[in-house]
Amino acid sequence: MLSVLITVLSPLLSLVILTVGNGFFVTYVTVRLHLEGVPAWMIGAISAAYYAGLVFGSFRIEPFIIRVGHIRAYAAFASLVATTILLQALYINPWWWLILRLISGYCMAGLFITIESWLLVKSEKGTRGQVLSLYMISFYAAQALGQFLLSAGDLKGIVPFILAALLSSLSVVPLAMTRTATPHFEEPSALNFFQLYRISPVGIFGCFCSGLIMGAIYGLLPLYISQIQPETETIALLMGATIFGGMLLQYPVGKLSDALDRRKVILGVVALVLALSILITTPLSHALFILLILLFFFGGLTFTIYPLSISYALDYLQSKDTVAATQGLLLTYSVGATFGPLLGPGFMHLAGPRGLFFYFIAIGSLLTILVLWRSVTSPGVPKEEQQEFIPIPRTTPVGTELNPRQPKSES
């Protein structure tokens, strides 16, 4: 593992620096808008704009990167992200911020694609699983650590904007100093949405529901926390615990799904998410320590729904279709993540802050019904034919090519 780490150190350092700043700023945007008295529906719309930019960029930005080169493209996108952050500081207006977050999401797609391309170039068939593990650990750990930058300065001051812009700019340095050959993109096999749905409705719907949940977690959970625990340090602690739980529970839940019928594991995970959501809506969660534990496990379980759904879908596919399928499932997830912050505020309007968890209960219940229906009407994949669980990045289509299940490219 150490030798693999050394070979991918430059792109991982860029990823960590970028994600610390971006993870912090995504939360900060929600908290700052709440402090400015912006209604929940508008906060959700601004969060959705970021995901819409990320989705559009993820599937449209590759030709530009190929044309200008990866280093130049990364530097350009990092500069643009820093610029949008500083422009937000100049004018506090929700509609202005919505436009800037849309642009920022588009540029972030370019940054993630560049990093993931480099990781792909530096990995081989035999080391791709280790590289993917390093990627996921670095990504989630950086996101969790970034939450604690909320305490670095006055939330209504200029410091948060400067920190986020500074980290975006600094993330250029490790990649700019690398001597690795320029990455290249390959065309995956064709596999459209309707083919995927016919093969695995549970996989498609699971990824979509995961997006609905995760988009609301990143966009609206900071709003929920700031309404019930307004102290800055508490917001950082609870958001950090949620994301850290998402990192730690990936492996044990994944290994469990390798040993059992994967649909039963998905049902068990969603059932626990429903139970935790119900507990968080009760007075039991008013104690900070209890809420910390509940959110740790809530994050840990919700973060596994996406890789579990992908793993389940891939059990029905040939290895040559792996990349195309994971990219299609990523698009499904991304569409859900765009709609999640738009739907959640309606529940919060009706039921107050805890309405966010009623929203999670509604989405989890829909997923449970579908999985139960498929369990009754369709036989599952025998355990001996299930493929090994592997966490899959939720960032861009290039990251899905790190999946070691895909066949080795011919040279």
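Glycine is no exception: its Cβ is also placed from the backbone N, Cα and C atoms.
Worth saying up front: this structure is predicted, and the values here are computed from it rather than measured.
Feature annotation from TrEMBL assigns domain 'Major facilitator superfamily (MFS) profile' to 199-411. Under the heading region 'Disordered', TrEMBL lists 383-411. For 39-59, 71-92, 98-120, 132-152, 158-178, 199-223, 235-253, 265-282, 288-308, 329-350, 356-373, the entry in TrEMBL reads transmembrane segment.
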Is the count of Cβ pairs under 8 Å between the transmembrane segment (132-152) and the transmembrane segment (356-373), pairs 6 or more apart in sequence, 3 or more?
no
Of the listed stretches 98-120, 158-178, 288-308, which one has the most C-beta pairs under 8 A with the transmembrane segment (199-223)?
288-308
I'd like to know the mean pLDDT over the domain 'Major facilitator superfamily (MFS) profile' (199-411).
84
Among 39-59, 98-120, 288-308, point out the range having the most Cβ pairs under 8 angstroms from the transmembrane segment (329-350).
39-59
Flag the pair the transmembrane segment (98-120) / the transmembrane segment (356-373) as in contact if three or more Cβ pairs fall under 8 Å (sequence separation 6 or more).
no
Is it the case that the transmembrane segment (288-308) and the transmembrane segment (235-253) touch, counting contact as three or more CB pairs under 8 Å in which the residues of each pair are 6 or more positions apart?
yes
Six or more residues beyond either end and a Cβ under 8 Å away: which residues meet both conditions relative to the transmembrane segment (235-253)?
23, 27, 31, 136-137, 140-141, 143-145, 147-151, 217, 221-222, 225-226, 229, 265, 269, 291-292, 295-304, 307-308, 391
